[in-house]
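Quick notes on the structure that follows.
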Amino acid sequence: MYIIKNGLIIDPQSGFNQVSDMLIDQGKIKQISKEIDIKGIPIIDASNKIVAPGLVDIHVHFREPGQTHKENIHTGALSAAAGGFTTVLMMANTNPTISSLEIVKQVKESAAKEAIKIETVATITKSLNGKDLVNFEELLEAGVDGFSDDGIPLTDTKVLQEAMNLARKHDVVLSLHEEDPSLNGVLGINEHIAQKIYHVCGASGLAEYSMIARDAMIAYQTQAKVHIQHLSSSESVEVVDFAQKLGANLTAEVTPQHFSKTEDLLLTKGANAKLNPPLRLEKDRQALIDGLKSGVISIIASDHAPHHIMEKAADNISQVPSGMTGLETSLALGITYLVSTKELSMIDFLAKMTCNPAQLYGFDAGYLREGGPADIVIFDQAEERIIKAEFASKSSNSPFIGDKLKGVVHYTICNGEIVYQKDSHAATLV
């Protein structure tokens, strides 16, 4: 039992937003009150800090099995805890893919050993082959939380429709990676800068929003729960908005990197800024922010995609894998580029990283309430830090190394246990 004292408690789900104390006991929030005074128990002083629900990320790549030189479930959990996350959802594009009962059992057993809550999707098609659907029913019974072929677009329209019908039948989310490969050149580099600087054909916005348009209409017809991953173009926001107004059961996410920076980051940060989808133009960045403000985009997700340093060091940027480590910078990027710039209020920003993603997947997370789980992040929104190359993640492929960002996590608490504490070794306990 312990007390979190004098923190600004913000719960986006209920709208609670005031300085109060919180009593934690046996993994639960026992009491929230203006003042709690119990003698002889430990106190966490949260003065001048925000106490929020533990962050929820529904798009992470922990690379296990098969690519553990980049990351594994344990180091991914460390990274999540350091970033303030208490619940994460792993993608299934591992090697072998999370397509079978055997691999689901393997990753869930590994995840259960960690001190944060790690959930997983399975692939939509067997081994990401784009043709043969996995057995939705048996994988759901085994404990997967949804389905996604993330990393590879699902180009076969009939297969997609069948998958959506199954998703509708089982009331489960399909998460879709949207880009038509026939309309793309080199992935991870926006078409504009690809032609101007690198003299190659890059990744077009058309490849993204044309496929979203197709999938949104099938989502409308089937009424399946469909989630569009990592929007990057202004037209994509418009297409999602149209489909939502039409009546499709459609949600969308954006990553912090896409609302923070443009394609010009490639010129200063090189391969670490090669992302898929790519960073695009300022008009796209602003449209993504406008989508967050309007609610068209309801979720912020990191797309945490670690790569080994030598993989990102290839001479030919066209051959460098796309992606960046994101869990440990997501909160700070949001505070720096959304809250401090007054694009979003703190409570609206936090909703997109807590209750909104939790509600999409039905996780018991993303809220602060008496009797609820003690999954909490305590952070200082004004404190600044220079992002260093040392991460809790196994990899350090971040284009934000060297940048000064606002927002520092001081404690991450999951099920009442401190799993990360600033300037301590608590994260090694995860």
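Backbone N, Cα and C define each Cβ position, glycine as well.
Keep in mind that TrEMBL annotations are predicted by a computer and have not been checked by a curator.
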Additional site residue, Asp150, Asp156, Asp171, Asp403 [criterion: listed by TrEMBL with His59, His61, Asp303 for Zn(2+) 1]: Asp150
Asp150, His230 bind Zn(2+) 2 per TrEMBL; candidate in His170, His177 listed for that same site: His177
Lowest local Cβ density (other Cβ within 10 Å) among binding-site residues: His59, Asn93: Asn93
Conformational class of His59 (Zn(2+) 1 binding site) under the three-state DSSP mapping: strand
Asp150, Asp303 as binding-site residues, winner by CB count within 10 A: Asp303
All-chain count of other Cβ atoms within 10 Å of His307 (substrate binding site): 26
Intrachain C-beta neighbours of Arg63 (substrate binding site), sequence separation six or more, cut-off 8 angstroms: Lys70, Glu71, Asn72, Gly76, Thr94, Pro306
Chain-internal residues near His61 (Zn(2+) 1 binding site), provided their CB is under 8 angstroms and they sit 6+ positions away: Glu71, Met90, Met91, Asn93, Asp303, His304, Ala305, Pro306, Gly323
Shell of the Zn(2+) 1 site beyond His59, His61, Asp150, Asp303, same chain only (C-beta within 8 angstroms of their C-beta centre): Val60, Met91, Gly151, Gln229, His230, Ala301, Ser302, His304, Ala305
